[in-house]
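See structure below.
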Amino acid sequence: IEEDNPQRETHMEKLKYEPLFETKKGKGRILYRLFTTSLFCGIILIWIYRLCNIPNSGENGRYVWIGMLGAELWFSFYWFLTQSVRWNRIYRHAFRDRLLMRYENELPRVDVFVCTADPAIEPPIMVINTVLSVLAYNYPPEKLSVYLSDDAGSELTFYALLEASHFAKHWLPYCKKFNVEPRSPAAYFASLSISDQSDADFSKMKRLYEEMENKIDVVCKAGTVSDQAKIEYKGFSKWNSYSSKKNHAAILQILNDSRDEETKDVDGVRLPTLVYVAREKHPEHFHNFKAGAMNALVSLVPVAHRISEILNKPVDDFVDYNVQLRVSSEISNAPVILNVDCDMYSNNSNAIQDALCFFMDEERSREIAFVQFPQSFGNATKNEVYGSLRVIDEVEFHGADGYGGPLYTGTGCFHRRDTLYGREYSTEARIDLKRACPEKMEENVHELEESLERLASSTYDLNNTQWGNEIGLKYGCPVEDVLTGLTIKCKGWKSVYYRPKRDAFVGVTATTLDQILVQHKRWSEGDLMILFSKYSPVWYGLGKLNPGLVLGYLIYCLWSPNCWATLYYSIVPSLCLLKGISLFPQVFFCLFIITSS
């Protein structure tokens, strides 16, 4: 053993200078390129056949034939777009052991934003399972802050979060003691077999969870919080009889403060900071949906000189920004932000460390703005008839990563906070993520809550600020996440797509036709709006983005127009078949089937 120690020390010393992540090219890329090239030659033969066999004027089926030619030209063009991201697939691997060896005591603070909007659609018990899963990350608790943004301002959701804050004192030590995965209580208990449920610690924890779940269910069924609960916790005084989902005052409650030495779990370990935020809503003011909720949480450093440094503009241009302090800046102001939807719990307790490997590598991290994890679903149907993102997650995003990074999809994404401020990439500027934890403020929690509620007012964005324009998530688009990611990359930044062996996040997806139609309508409408906006990847991204990435964005921007050719190709040939009009050549019938699928 003594002889091996010098070798081990030498090996450990080498690891300190090894990269924190590696990138590998996808297997079989050359064969795939040869295959697609030969397939394209077949497509050209189809065009030649169509052009050379157009029925003469007056012949039956002439205009139908021309329509088929137009549809096939469109399919060929759209097929070319999809191949652009499949030719350059790359795969990444993070080395958490090297990260901890190098920066274990210098890990940056992380803010986690969980967003919910309607307790009727997003049950509070589901919301707090997501919150508990991110509270239990394998990360120093004094450097972790979790914010729940409740856009409905529901006292039911707040009550559920209050109960979860008590349960977390038992759940977090249990997760660390037994290395629990996943750390969403509901998912964890459902994943175990009956033989695994005989342990005394397990039985106690499950009983505590069921007690909390029953309390929340009773309140949700009643539609209101009991008077006894309101007396026990004065935070409920923020709600009144006039409060509603679309009309309520700003509410901010700090349930756990990691800087407070008395905020500890049952084992005496400090708990992460936990904050409830409901921004003010008023019928007269447009609230900008999720983008407005996120911007109410994202902070801005309250110094004009700092803003000047971030946006590379004169100090005089930002005198109005001096007052722009948002909620999380006064509480934690972490340099790294994770945002997740309330229906997508953390399935991997090491996800933060994985993301930091891409942010903290000494040589290659300075140009990375955000790290996007894939969306996985636990309720997908057997054949994934609705809601499948398999092709996007397993193929297209890996290809986009080879050209500068995937789209920002709005959940499961780690951001550098400064990039959300509109900061342009510079090879000279370095963003220090290893800033010290904030000291405890002299004012008490209640005074801090009162002072911060004005930052979540419904008029804050309207007071001559650049929120939603140059700063924060972009306003005016149904897919504000895709638009925000596009503008960030047009400022010189890149993104990373990381798909670990164990899914980082697992959520729920649409399982019925009406749900998927509503979801796809919003996506297709928003992507088409981006195409014709001033931020279109065609003209706004030209010269700023890799040409392959521009083509990758066009796959989604042209998703909705693709329906016209699809409808024509699906309906018209069937009608012509009934009338005996031949539209397909017998020799190339199989090739037609391949290229039109």
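Cβ coordinates come from backbone N, Cα and C, glycine included.
According to TrEMBL, the feature transmembrane segment maps to 30-51, 63-81, 538-556, 568-594. The UDP-alpha-D-glucose binding site feature in TrEMBL is assigned to Glu122, Asp151. Here TrEMBL flags Asp151, Asp481 as active site. The annotation Mn(2+) binding site is assigned in TrEMBL to Lys290, Asp341.
Structural mapping of features recorded in TrEMBL.
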residue : record                           : Cβ contacts under 8 Å, 6 or more apart
Glu122  : UDP-alpha-D-glucose binding site : Thr116, Cys342, Asp343
Lys290  : Mn(2+) binding site              : Cys115, Ala117, Asp151, Gly410, Leu473, Glu480, Asp481
Asp341  : Mn(2+) binding site              : Val114, Cys115, Thr130, Gly410, Thr411, Gly507
Inset, instruction - Take the Cβ of Asp481 (active site) and count every other Cβ within 10 Å, whichever protein chain it belongs to. - result: 23
